[in-house]
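Colleague: What TrEMBL lists as domain 'Amidohydrolase-related' is 76-417. Residues or ranges marked as Zn(2+) binding site by TrEMBL: HIS85, HIS87, HIS255, ASP329. Annotation comment: TrEMBL describes HIS85, HIS87, HIS255, ASP329 as Fe(3+) binding site. Per TrEMBL, the feature 4-imidazolone-5-propanoate binding site maps to ARG94, TYR157, HIS190, GLU258, SER334. Under the heading N-formimidoyl-L-glutamate binding site, TrEMBL lists TYR157, ASN331, GLY333.
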Amino acid sequence: MSESIFIKHAAQLVTVSGHTENPAKRDGMRELNCIEDGALLATDGKIIAVGTTEGIQTKYENEINQAKQINASGKVVSPGLIDPHTHLVHAGTRENEYAMRLKGKTYMDIMNQGGGIHATTRATQQADVDQLYQESKQRLDTFLVNGVTTVEAKSGYGLTTEHEIKQLEVSQHLNENHVMDIVSTFMGAHAVPVEEKANPDAFVDRVISEMIPEVAKRKLAQFNDVFCERGVFTPEQSRRILEAGKEFGLIPKIHADEIEPYGGAELAAAVGAVSADHLLKASDEGIRQMADQDVIGVLLPGTAFFLMAEFAQARKMIDQGLAVALSTDANPGSSPTLSLQFIMNLGCLKMGMTPEEVITATTINAAHAIGRANQIGSLEIGKQADITIFDVPNYLTLSYQYGMNHVDTVIKCGQVVVEDGNLQTRALKKVR
Ligand code: NIG
Ligand code: FE
């Protein structure tokens, strides 16, 4: 059944148009192409017109009469936010480690003593599919209420073929059933299992010879990620894993230079990764190589905030020509948040980004980081009608009033799934 939606009188309709071919860089990250008294018409889940209210009302009178009307006066309409880096599917929480860190233990100390990623791996291995599905579904609901309409989700808390596949299958089932779109990444190389610490290369061999072919055969992931960090996977091991994934059509991503400078940014450029994520300690040369090779920098300031670390140098990176996206890194250890709006605020206050740049970084550049820029990330004719309406008078207020959820309405594929800030029952099922 054809269903239309007409949004009118937006104080600002933030289109973020003009960057579908290539991610926005430098000054391009500050061009939001806002329309005042803006309007948008969508039919069958796709955007068919964007412009001023008056302009669209004159041209599409018939279509508008049949459409559901949404008055966005006094509000900001933007592309649905996109979170390009999450560890969505996992079991449990780690508030005990948070308390330990507050007393002075480091993230890596805890991991090296068998906690951290290993603790969540044990919980996730023990959890059955139903538990993982329910926990992750709750997180998706919260993401949606907070204005996010697409998330990337990584495996990496299974660390055996069986349990990595279990995690990815949960993502796949959620993608089939929940209105949220989920883009899956295989991350078998998230940690060397405790019992294999003595021989990490044997584990790397298994990721390459067993896990990657099985994940690819079952079509469970589009991307392949690795935690390249001292004490986890070396740049050489990371390179082998990412190159092996390429043979099976998995596009490389990399957790790079999070805790120490370790050549992760350089490796991302060398293997042609779509993105390198974290980059807190990336070298200037690594950033230059990434910019040259059009690798996107996915920055995760929630992680720096939560680990009480130095923030990535977003200002410098953008000025050097790197396309930057922002993400929550949602996970139970280093960034237990589901609020991309808070991340936008951190982008401005802690990394020197402008309010315009943080919007570009959570819409079109985030879409590029997960290979979806043709479908989502901007309000342009032909794109999926994924739209967030914020109850703020202008987009500056989004990153100015912090620590709160400004979302009024969320539209996913042309369907209202959050209204007056509340999740609608239709949000629980995909209707496409
Ligand atoms: O991106 N650094 C590696 N992985 C995650 C943390 C995962 C965890 O602590 O459970 C990250 O920070
Ligand atoms: Fe991560």
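For all residues, glycine too, the Cβ spot is worked out from N, Cα and C.
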Colleague: Within 10 Å of ARG94 (4-imidazolone-5-propanoate binding site) (Cα-Cα), which of the binding-site residues HIS85, HIS87, HIS255, ASP329, GLY333?
Modeller: GLY333
Colleague: Of ARG94, TYR157, GLU258, GLY333, SER334, listed as binding-site residues, which ones have a Cβ less than 6 Å away from ligand 2?
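Modeller: Among ARG94, TYR157, GLU258, GLY333, SER334, near ligand 2: none.
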Colleague: Listed binding-site residues: HIS85, HIS255, SER334. Which have a CB under 6 angstroms from an atom of ligand 1?
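Modeller: With ligand 1 as the reference and 6 Å as the Cβ limit, the list reads HIS255, SER334.
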Colleague: How many neighbouring Cβ atoms, not counting its own, are there within 10 Å of the Cβ of HIS85 (Zn(2+) binding site)?
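Modeller: Excluding its own Cβ, the number within 10 Å is 30.
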Colleague: Report, in whole Å, the straight Cα-to-Cα distance of HIS190 (4-imidazolone-5-propanoate binding site) from HIS255 (Zn(2+) binding site).
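Modeller: About 9 Å separates the two Cα atoms.
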Colleague: Other than HIS85, HIS87, HIS255, ASP329 themselves, what residues in this chain have Cβ atoms within 8 Å of the centroid of the Zn(2+) site's Cβ atoms?
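Modeller: Those within range, site residues removed, are THR86, LYS154, ASP225, ASP277, HIS278, LEU300, THR303, SER327, ALA330, ASN331, SER335.
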Colleague: Enumerate the residues of the same chain, TYR157, ASN331, GLY333 excluded, that satisfy the criterion Cβ within 8 A of the mean position of the Cβ atoms of the recorded N-formimidoyl-L-glutamate site; list them in sequence order.
Modeller: HIS87, HIS90, ARG94, GLY116, ILE117, THR120, GLY156, PRO332, SER334
Colleague: Out of GLU258, ASN331, SER334, the binding-site residues in the record, which is closest to HIS85 (Zn(2+) binding site) when you go by Cα distance?
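Modeller: Looking at Cα distances from HIS85 (Zn(2+) binding site), the smallest one goes to ASN331.
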